[in-house]
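Novice: I have a structure here, written as structure tokens, and I will follow up with some questions on it.
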Amino acid sequence: MAVEGGALSFSVASVVEDVLQQHGNRLRDLDLDSRKAEEAASRRYEAAGWLRKIVGVVAAKDLPAEPSEEEFRLGLRSGIILCNVLNKVQPGAVPKVVESPCDAALIPDGAALSAFQYFENVRNFLVAVQEMGIPNFEASDLEQGGKSARVVNTVLALKSYSEWKQTGGNGIWKFGGNVKPSMSAKSFVRKNSEPFMNSLSRNLSMNEKSFNTLSSDLENSNKMHGSGSLSMLVRAVLLDKKPEEVPTLVESVLSKVVEEFENRMASQYDLVKSAPKEKTISQGNKFLLKSTCGDKRIEEKNARVMKKEECFHKNLIDDEELKNKKEKQQIIFGQQQRDIQELKNTLRTAKAGMHFMQMKFHEEFNSLGMHIHGLAHAASGYHKVLEENRKLYNQVQDLKGSIRVYCRVRPFLSGQSNAMSTVDHMEDGNITISTASKHGKGSKSFSFNKIFGPGPTQAEVFSDMQPLIRSVLDGYNVCIFAYGQTGSGKTYTMDPKISQIKTKG
């Protein structure tokens, strides 16, 4: 809406207040993110510094004093530094630390790391830390994309545990979580700091004066628009800023105030410019209403004629559309009829093929049944022949004699002369033995089923007994034993493994 007398529909203070609120919100978000990042970096630096202090700078060469998240993760990835620090804090916590196979300064993220070194060192560290009750992290946190904050938290908890032990270990140790980093490493305190503090106080006083001047100007320009809230906004924006940041911040705020003021002025100018046009148009409309009352009847007649013509043309168009729709429907119907006929032919062909496959299946099934029947008949005949063969085989063994007596002449031992033998003659199951008598030399004959001299091997001795093994498998009882006087070779014959000579008993 236009404002009479050229007065502004907004105040300068309202523009400044809006800009300060927007700028303050953005600054708060940026400050929050920056504070979080600074706090995480400080905790990481504190953890890295403590690790380097415990294991030494040489042992911690892979870990910088102020590492980034990536450098911190890569430095601790092998687990060597973590295990060595834990052994310093709790001796013997990790019995064996697998050292690095090479003297590389840093292991690249994509390089192949020793699986044994990685899993053994990190796993042993995590198990020992968990047993000590220290907050733990996951092994994946040391990989790319892992949460390094949890690793930092574990290291700082281990540091707290070490300090608790150094003070005597009194009471129960508890880790407080987010420990604020000490500022000793980054302290700005000087021994002779009076000139510096005086300079800083002078800058602050000057900024306070400029701030008060700006606030007073804004308060005077906007007494009707809540000067107290505007002053509070200005103080909130400038209060926590360093002296060197104030000019840049004021310049940025002023540029945004000027830009916002110009935008609002342009909008108000457009509203003022469009107001006379609207007034002129309204007056013209009144004149036209008065001048057109006489022509209203003529326009109504013309409208009725036009309406009739429109209805006629509309009917013609509707008839043409109906005709086109009917032709399209006929074309679609004919296409559907052809598709149905094609589907019927396909179904008929599929049925014929299925019937043929069923016939072939029945034929093959019958042929397979006949073949299986023949195999079953042959198998039953085979079993009959096998049983008959078994009976005949054992009958042959019975014909050879249910009791068989073999004789084996023991060979001479090494160093004995063959002239000492008492065996005179061996032939076809008969053996003649020379015996001493009162009237001179005599001899005596013995008959056996089979006689083995001193020369036959174990295989030859037992070849005549192999058929008896089959009789045992067929269910018959068989007994084989050796008898004779002491030293005649019974044990050597029955158990040839005792002898060192395989071919003789």
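Cβ atoms here come from the backbone N, Cα and C positions, even for glycine.
Curation does not apply to TrEMBL; its annotations are automatic.
Below are the features I grabbed from TrEMBL:
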- Gly484, Gln485, Thr486, Gly487, Ser488, Gly489, Lys490, Thr491: ATP binding site (BINDING)
- 41-163: domain 'Calponin-homology (CH)' (DOMAIN)
- 402-505: domain 'Kinesin motor' (DOMAIN)
Novice: Which ones in the same chain are close to Gly484 (ATP binding site), with CB under 8 Å and 6+ residues apart in sequence?
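Specialist: Long-range Cβ contacts: Lys490.
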Novice: Provide the three-state DSSP residue tally for the domain 'Calponin-homology (CH)' (41-163): helix first, then strand, then coil.
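Specialist: Helix, strand and coil residues of the domain 'Calponin-homology (CH)' (41-163) number 70 helix, 0 strand, 53 coil.
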Novice: Just how many other Cβ atoms lie inside 10 Å of the Cβ on Lys490 (ATP binding site)?
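Specialist: Around Lys490 (ATP binding site), other Cβ atoms within 10 Å: 17.
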Novice: Using the CB centroid of Gly484, Gln485, Thr486, Gly487, Ser488, Gly489, Lys490, Thr491 as the ATP site centre, which other residues of the same chain sit with their CB within 8 A?
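Specialist: Neighbours within 8 Å of the Cβ centroid, excluding Gly484, Gln485, Thr486, Gly487, Ser488, Gly489, Lys490, Thr491: Arg410, Ala482.
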Novice: Does Gly487 (ATP binding site) have same-chain partners at least 6 apart in sequence with Cβ under 8 Å from its own Cβ, and which are they?
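Specialist: In sequence order, no residue meets the Cβ cut-off.
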Novice: Just give the helix, strand and coil counts over the domain 'Kinesin motor' (402-505), going by DSSP.
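Specialist: Tallied per class, the domain 'Kinesin motor' (402-505) gives 25 helix, 27 strand, 52 coil.
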Novice: Average the pLDDT scores across the domain 'Calponin-homology (CH)' (41-163) and report the rounded value.
Specialist: 80
Novice: Enter the number of other CB atoms within 10 angstroms of the CB of Thr486 (ATP binding site).
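Specialist: Counting Cβ neighbours of Thr486 (ATP binding site) within 10 Å gives 5.
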Novice: To which of the binding-site residues Gln485, Ser488, Thr491 does the lowest count of other Cβ atoms within 10 Å belong?
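Specialist: It is Gln485 that, of the binding-site residues Gln485, Ser488, Thr491, has the fewest other Cβ atoms within 10 Å.
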